[in-house]
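I have placed the structure first, in the form of structure tokens, so that the comments after it can refer back to it.
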Amino acid sequence: MATDNPRAVDDQETHPKDRLNRVVFYVSALIILIFSLTTILFNDFANRALNQVLDWVSSTFSWYYLLAATLYMVFVIFIACSRYGNIKLGPKHSKPEFSLLSWSAMLFSAGIGIDLMFFSVAEPLSHYMHPPVGEGQTYEAARQGMVWTLFHYGLTGWCMYALIGMALGYFSYRYNLPLTIRSALYPIFGKKINGPIGHSVDTAAVIGTIFGIATTCGIGVVQLNYGLHVLFDLPENLWVQTALILVAVIITIISVTSGVNKGLRILSEVNIYVSVGLMLFILFLGNTEFLLNALVQNVGDYLSRFPSLALESFAFDQPKEWMNSWTLFFWAWWVAWSPFVGLFLARISRGRTIREFVSGTLIIPLLFTLTWLSIFGNSALHNVIFDGNIALAETVLSNPAHGFYDLLAQYPWFPFIAGVATITGLLFYVTSADSGALVLGNFTTQFTNIDHDAPRWLSVFWAVAIGLLTLAMLMTNGITALQNATIIMGLPFSFVMFLVMAGLYKSLRLEDYRQASASLNAAPVVGNVDILNWKKRLTRVMHHPGTFETKRMLNEICRPAVHAVAEELQKRAVQVDVLEVPLEEDEELYHLDITIHLEEEQNFIYQIWPVRYIAPNFSERGKRGKQFYYRLETYLYEGSQGNDLVGYTKEQVINDILDRYERHMTFLHINRISPGNRPLFPDPKA
């Protein structure tokens with residue numbers, strides 16, 4: 001049996017095959033196709049239209065982006081620090097799929113990308129030359145430049161990823177809902193998420209995600225183009241950039257159709273080590289003492305100035321162009337990427353508590369990101385301020401993609417290091433496109449199993465769509481067009497994120513009601529109940545039954561008990577289903593499920609699962625050389641109850657079912673009478 005809740009309703013025999021979500025797919029594809037073709041065919045018109053819409057969005061919603069980003073952060077930290085932080089992303093009996101070290105390594109990889117190579121030099125130098133307020137080319141401008149860079153890549157953005165990852169993991173692994181954004185809205189809209197509301201939400205997620213990925217790929221293409229120019233004297237133009245996009249699309253198609261994606265994952269892991277090596281190279285071959293002092297100062301400045309930066313709208317200074325190019329762009333970019341990275345974070349975090357998840361997401365990748373930005377950013381600033389290389393800063397202002405390579409040119413073995421940086425950037429670029437195609441395919445598929453991936457042809461389509469959109473943006477106005485489009489396209493999903501917060505909080509409140517109902521004593525049982533005497537109890541504790549005895553217990557005790565309860569409820573006009581599903585690991589055994597339907601409220605599900613464990617050496621079964629034994633464990637909707645029915649009588653099994661049912665009814669009652677609450681619950685068979 002798997003470590004997570006083994007439910008009959010999850011068995012593939014009871015479900016249809018995965019299928020395309022036609023509405024989300026066709027609407028998203030049509031919007032992207034129209035946008036891309038219009039941009040490619042009518043360059044000037046598209047550029048003017050983007051600028052006009054951007055002016056409207058920035059003048060109308062700049063305050064909103066700042067406030068929204070801060071509220072996302074406050075919500076995530078509040079949930080993690082509250083009592084809800086103990087709730088697991090999955091049933092309460094679930095265990096993490098990955099060890100702490102492996103999980104940390106995967107979180108670490110989430111913090112690395114080609115955009116870090118681009119902005120680690122370009123942003124600090126841009127702010128140093130032209131800060132949003134105050135005089136440029138001063139020590140204060142240098143400090144501001146690093147603080148703004150850390151702020152744009154800091155806690156606020158990672159909280160957006162954590163919010164979506166937390167919601168996806170909670171609703172998918174605890175409530176068995178699809179691994180899509182609409183699932184988080186079930187507590188608000190109920191089954192309406194299967195209609196236009198859900199389609200709109202998922203479409204907004206797809207549109208935002210593909211623009212976020214296209215922006216990253218576009219930035220990567222421009223930077224790689226310059227890297228190839230440095231190494232092989234290739235020209236910097238749209239033709240070379242188009243060829244790079246085509247190469248990425250082809251590699252992605254090969255990856256998703258031939259199974260070499262495992263090889264790409266290995267390469268991306270190697271890439272992490274190479275990236276760390278590149279960072280250490282700059283640290284130890286540069287002015288190490290200065291860089292370490294600057295790192296400590298940067299962290300201190302970031303922490304001390306963070307409260308004022310979080311809501312800094314420059315209401316009086318009004319550097320509109322600066323806001324559009326930096327803070328608004330970054331917040332929209334984080335919003336656009338949040339479904340993509342959130343899905344990745346959710347998938348690797350099943351079985352962890354919300355507090356563990358948020359802590360890991362906010363600390364591990366953030367530490368690396370801040371260290372990378374500080375080392376490269378301060379190296380560039382040191383080269384400009386103390387070595388007098390003002391040309392580096394001027395180059396960044398005119399061609400930001402040149403900054404990273406021009407900084408590397410100041411160090412020994414430049415051709416070799418530039419080659420390593422180019423290969424690293426290319427792999428980051430390809431893996432972003434590859435992962436993006438997979439995630440977009442998942443968002444446009446209706447799965448019968450949340451662990452499935454989208455069909456290959458769908459991932460191929462999205463790989464081509466990412467390439468087409470990236471090319472369209474580069475043809476319009478390069479990186480500026482990508483930034484402008486991200487600010488615009490990230491806006492709709494930013495509203496969805498507030499609905500995600502509301503749905504998640506509403507569902508977490510139900511955990512309080514469930515806990516309260518579980519703590520209440522069931523009604524006293526009247527009559528002569530055969531309570532296990534101490535000798536029977538001792539025999540039961542020491543017993544480790546095999547397949548034969550477990551099957552006998554199921555057939556002679558558990559099955560009659562379950563059917564007795566079902567028949568009595570059916571006499572009272574209650575809809576009840578009983579299922580017997582063979583185990584995959586031992587077809588002689590089966591698990592028993594009884595589902596009591598409660599109309600619009602959450603159904604009561606009680607399951608009896610034979611769970612196989614390794615027989616302990618001290619047991620009689622272990623001494624006889626038998627490898628396994630079984631426990632008859634009970635599962636409710638929220639997961640394992642931790643008990644074992646082996647040795648129970650029929651009446652005791654019936655009493656256990658009724659105790660759990662009564663507590664469930666108490667839970668529904670508490671939820672029903674709570675102020676302002678509507679009892680909308682996920683349908684486990686949906």
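Keep in mind that glycine also has a Cβ here, set from the backbone N, Cα and C atoms.
The feature topological domain 'Cytoplasmic' is assigned by Swiss-Prot to 1-22 (among others).
Residues or ranges marked as topological domain 'Periplasmic' in Swiss-Prot (evidence: a curator's inference): 44-60 (among others). Shown for the topological domain 'Periplasmic' (44-60): DSSP residue counts in helix, strand and coil, namely 17 helix, 0 strand, 0 coil.
Look at Swiss-Prot and you will find 82-100 (among others) tagged as topological domain 'Cytoplasmic', backed by a curator's inference. Long-range Cβ contacts of the topological domain 'Cytoplasmic' (82-100) within its own chain (Cβ-Cβ under 8 Å, at least 6 residues beyond either end) map to 3-5, 106, 166, 169-170, 173-174, 346, 348-355, 357-358, 508, 511-512, 635, 638-640, 642.
The feature topological domain 'Periplasmic' is assigned by Swiss-Prot to 122-150 (among others), with a curator's inference given as support. Same-chain residues lying 6 or more positions outside the topological domain 'Periplasmic' (122-150) and placing a CB less than 8 Å from one of its CB atoms are 294, 297-299, 301-302, 305, 309, 314, 317, 319, 322-323, 326, 370, 373-374, 377-378, 380-381, 384-385, 392-394, 396-397, 400-401, 403-404.
For 172-203 (among others), the entry in Swiss-Prot reads topological domain 'Cytoplasmic'. When the topological domain 'Cytoplasmic' (172-203) is classified with DSSP, helix, strand and coil residues number 26 helix, 0 strand, 6 coil.
Under the heading topological domain 'Periplasmic', Swiss-Prot lists 225-237 (among others), citing a curator's inference as support. In the topological domain 'Periplasmic' (225-237), helix, strand and coil residues by DSSP number 8 helix, 0 strand, 5 coil.
Taken from Swiss-Prot, the feature topological domain 'Cytoplasmic' applies to 259-265 (among others), supported by a curator's inference.
Annotation comment: Swiss-Prot describes 287-325 (among others) as topological domain 'Periplasmic', evidence class a curator's inference. Proximity of distant same-chain residues to the topological domain 'Periplasmic' (287-325), defined by a Cβ-Cβ separation under 8 Å and at least 6 residues beyond the stretch ends, is recorded for 54, 58-59, 62-63, 66-67, 69-70, 73, 130, 132-133, 143, 146-148, 150-151, 154-156, 370-371, 374-375, 378-379, 382, 483-484, 487.
The annotation topological domain 'Cytoplasmic' is assigned in Swiss-Prot to 347-356 (among others) on the grounds of a curator's inference. For the topological domain 'Cytoplasmic' (347-356), residue counts in helix, strand and coil come to 4 helix, 1 strand, 5 coil, using DSSP.
Per Swiss-Prot, the feature topological domain 'Periplasmic' maps to 378-412 (among others); the stated evidence is a curator's inference. Using a Cβ-Cβ cut-off under 8 Å and counting only residues 6 or more beyond its ends in the same chain, the topological domain 'Periplasmic' (378-412) has close neighbours at 117-118, 120-122, 124-126, 128-130, 139, 142, 145-146, 219, 222-223, 225-227, 230, 281-282, 285-287, 290-291, 294-295, 298, 418, 421, 479.
Across the topological domain 'Cytoplasmic' (434-459), DSSP classifies residues as 14 helix, 2 strand, 10 coil. According to Swiss-Prot, the feature topological domain 'Cytoplasmic' maps to 434-459 (among others), an assignment based on a curator's inference.
Under the heading topological domain 'Periplasmic', Swiss-Prot lists 481-484 (among others), citing a curator's inference as support. Within the chain carrying the topological domain 'Periplasmic' (481-484), a Cβ under 8 angstroms from the stretch's Cβ atoms is held by residues 47, 50-51, 54, 214-215, 218-219, 324-325, 329, 473-474, all 6 or more beyond its ends.
Taken from Swiss-Prot, the feature topological domain 'Cytoplasmic' covers 506-686 (among others), and the record attributes it to a curator's inference.
Residues or ranges marked as transmembrane segment in Swiss-Prot (evidence: sequence analysis): 23-43 (among others).
Residues annotated as transmembrane segment in Swiss-Prot, with sequence analysis given as evidence: 61-81 (among others).
Cβ atoms under 8 Å from those of the transmembrane segment (101-121) belong to residues 149, 152-153, 161, 216, 219-220, 223-224, 268-269, 271-272, 275, 341, 344-345, 348-349, 352, 360-361, 364-366, 368-369, 372-373, 376-377, 380, 396, 400-401, 403-404, 406-407, 421, 424-425, 428-429, 432 of the same chain, restricted to positions at least 6 beyond its ends. What Swiss-Prot records for 101-121 (among others) is transmembrane segment, and it gives sequence analysis as the kind of evidence.
The list of residues near the transmembrane segment (460-480) in space but at least 6 beyond its ends in sequence, with Cβ under 8 angstroms from a Cβ of it, reads 29, 32-33, 35-37, 39-40, 43, 46-47, 50, 210-211, 213-215, 217-219, 221-222, 238, 241-242, 245-246, 248-249, 252-253, 256-257, 400-401, 433-434, 436-437, 440-441, 444. Listed stretches 23-43, 61-81, 204-224, 238-258, 266-286 were compared with the transmembrane segment (326-346); the greatest number of C-beta pairs under 8 angstroms is found for 204-224. Helix first, then strand, then coil: DSSP counts for the topological domain 'Cytoplasmic' (82-100) stand at 5 helix, 1 strand, 13 coil. Predicted-model confidence for the topological domain 'Cytoplasmic' (347-356) is 93, expressed as mean pLDDT. By number of Cβ pairs under 8 Å, the transmembrane segment (61-81) is matched best by 357-377 from the list 23-43, 204-224, 357-377. Using the rule of three or more Cβ pairs under 8 Å, pairs at least 6 apart in sequence, the transmembrane segment (151-171) is in contact with the transmembrane segment (485-505). Here the transmembrane segment (204-224) does not lie next to the transmembrane segment (357-377) in space: the count of CB pairs under 8 Å, restricted to residues six or more apart, is fewer than 3.
Remote same-chain residues near the transmembrane segment (357-377) are listed as 76-77, 79-80, 85, 89, 103-104, 107-108, 110-112, 116, 119-121, 123-124, 145-146, 149-150, 153-155, 158-159, 161-162, 165-166, 169, 275, 279, 282-283, 291, 294-295, 298-299, 302, 345, 349, 404, 407 (criterion: CB distance under 8 Å, separation of at least six residues from the stretch ends).
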